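Chemist: Pasting a structure here, questions to come.
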Amino acid sequence: MPLRKTTTVEEGLNRGQWTNKMDYILSVMGWSVGLGNLWRFPYVCMKNGGGAFLIPYIVCLVTFSLPIFFLEASVGQFLGKGCTNVFNVCLLLKGVGYSMTTVIFLYGVIYTIINAWILYYIGHSFVSPLPWTTCDNEWNSPNCISHQGYKCQSKYQNMTRNETDDVTSYKQYNASSVNTTVVCTTHGSWITSPEEFWRENVLQMSSGISELGTINWKLMLCFFFIWLVVGLCVIKGVKSIGKVWVAAAIQVFYSLGISNGALYAFSSFNKFHNNTLRDTCILTFVCEGSSILAGAVIFSVLGYLAKKYSIPIEDVVKSGPGLGFVAYPEALAHLPGQNIWTILFFIMLLSLALDSR
């Protein structure tokens, strides 16, 4: 069959198209810029050497991620089909499309759990003071430290408090000043109040696999509420919208959302003669720029806490993948109007997570 040039009218006959260019850009940006950027990237970066991780990350971004992103967008745009049909050109690869659909489904389940955590934080953000800024809650341990005063919790008997006072009187002005030094010791290592809130209140972690614990009903309610929101969105429909090197390669794939089929579907609604290379460059650098920005914010907070508590930066937070749920709340707790900023932040995080689904 001879090839011929299509007209603008013919391009949209077989499949619908985006209303305008920004619909496509914002939709793919919403899919790509998500929890993988604000939540997972700082954790992976910290786990693999901090700033040194950026070198293999950028190399993998340029050599792997950007070309694959361009390839998927081009194929989806050229064939005008989603991931389940785009591989019909070769019967041997037909199962790849269904595998991608399965991966997207599993992503949905994982993101629902994370969304439940975010919703839980939003609910507690209306409480003043914020529950993760104090150490006098029922879930706190004797080794808890908080930015509010950074002092011992006197209710614990296994802590000692040594205090020396230096009082100077100024009779001429009828005033006095007191210099107080407080020395606190605990039988164990320090743990910050945001991390204890995350581990003991949100996750309610047990001592090990042999102890299953009880159902976390608060998170269960958040979980079902998120599924309800997702169900309503689906019903309504969408109208617009080495070890370190391995970790770096996985992160660039994860953060951009490539190789899971979604990009084929998004690009299939583009006009046939759309400039895919330009879109790829814009979306890739916006997405990865948000990852680096998120990492800079979290490492700034960790550095501040390490200096304040006089402990190594690697000992500030031990939550692993939950790093974002510890560092961000800690940073927001230092701002004026902390409740408002915390509510807005977690609403933004929830919006990103829902958009990524």
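Every residue, even glycine, has its Cβ placed from backbone N, Cα and C.
Feature table excerpt (TrEMBL):
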- GLY30, VAL33, ASN37, SER255, ASP355, SER356: Na(+) 1 binding site (BINDING)
- LEU352: Na(+) 2 binding site (BINDING)
- CYS135-CYS144: disulfide bond (DISULFID)
- 53-71: transmembrane segment (TRANSMEM)
- 104-122: transmembrane segment (TRANSMEM)
- 219-238: transmembrane segment (TRANSMEM)
- 244-269: transmembrane segment (TRANSMEM)
- 281-306: transmembrane segment (TRANSMEM)
- 338-354: transmembrane segment (TRANSMEM)
Chemist: Distance check, please: Cα of LEU352 (Na(+) 2 binding site) against Cα of CYS135 (disulfide bond), rounded to an integer number of angstrom.
Modeler: 31
Chemist: So, three-state DSSP: helix, strand or coil for CYS144 (disulfide bond)?
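Modeler: Reduced to three states, the DSSP call for CYS144 (disulfide bond) is strand.
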Chemist: For a quick check of packing: other C-beta atoms within 10 Å of the C-beta of LEU352 (Na(+) 2 binding site), how many?
Modeler: 21
Chemist: Taking the Cα atoms as reference points, how far is GLY30 (Na(+) 1 binding site) from CYS144 (disulfide bond) in Å?
Modeler: 38
Chemist: Counting only residues 6+ away from its ends, which parts of the chain sit with a Cβ under 8 Å from the transmembrane segment (338-354)?
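Modeler: Contacts with the transmembrane segment (338-354): 30, 33-35, 38-39, 111, 114-115, 118-119, 121-122, 125-130, 133, 229-230, 233, 328-329, 332.
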Chemist: Return the count of C-beta atoms lying within 10 angstroms of the C-beta of CYS135 (disulfide bond), excluding that atom itself.
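Modeler: By my count, 24.
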Chemist: Counting all other Cβ atoms within 10 Å across every protein chain shown, which of the binding-site residues GLY30, ASN37, ASP355 scores highest?
Modeler: ASN37
